[in-house]
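J.: Per Swiss-Prot, the features are:
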{"type": "ACT_SITE", "residues": "Ser63", "note": "active site, schiff-base intermediate with substrate"}
{"type": "ACT_SITE", "residues": "His68", "note": "active site, proton acceptor"}
{"type": "ACT_SITE", "residues": "Cys83", "note": "active site, proton donor"}
{"type": "MOD_RES", "residues": "Ser63", "note": "pyruvic acid (Ser)"}
Amino acid sequence: MHALGRHIIAELYGCDKEVLNNRELIEKIMVESALKAGAEVREVAFHKFSPQGVSGVVVISESHLTIHTWPELGYAAVDVFTCGERVDPWQACNYITEMLKASHMTTTEVKRGLFEQPVKVANL
């Protein structure tokens, strides 16, 4: 089977609580992770919750990256979905894990868009 893309679902534990509650820093980390993976950033939207927590999305030409943080638990839920062969979602995921100072993570990789024959998609 041939996949259109790879979707990394990451559970990050033991993260730096101050980082998890800093909207500007979370946004910077997410955008930098996309760029380090070789993605082309299109749109960025992040929100700081009261009293704590940040959620955000980085829309890339190749799909998206998302994060939802729970500073009180030292936990972040991260998705990195990339289409095509040019961008490596693991580079982004590993960078995010390092920058959030996670003590450990669990991940699942899902192949998205499975076809029996290779599919040619424009710009990927």
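Heads up, the Cβ atoms here are built off N, Cα and C, so glycines get one too.
Could you tell me the structural context for the features on the list?
T.: Under DSSP, Ser63 (active site, schiff-base intermediate with substrate) is assigned to a strand (E or B) in the three-state scheme.
Shown in sequence order, Gly53, Val54, Ser55, Ala76, Ala77 are the residues of the chain, 6+ apart in sequence, with a C-beta less than 8 angstroms from the C-beta of His68 (active site, proton acceptor). Mapped onto three states, the DSSP output places His68 (active site, proton acceptor) in strand.
According to DSSP, Cys83 (active site, proton donor) sits within a strand segment.
On its own chain, Ser63 (active site, schiff-base intermediate with substrate) has Gly5, Phe81, Thr82, Cys83 as residues at least 6 apart in sequence with a Cβ closer than 8 Å to its own Cβ.
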J.: With every protein chain in view, how many other Cβ atoms are within 10 Å of the Cβ of Cys83 (active site, proton donor)?
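T.: The Cβ of Cys83 (active site, proton donor) has 22 Cβ neighbours within 10 Å.
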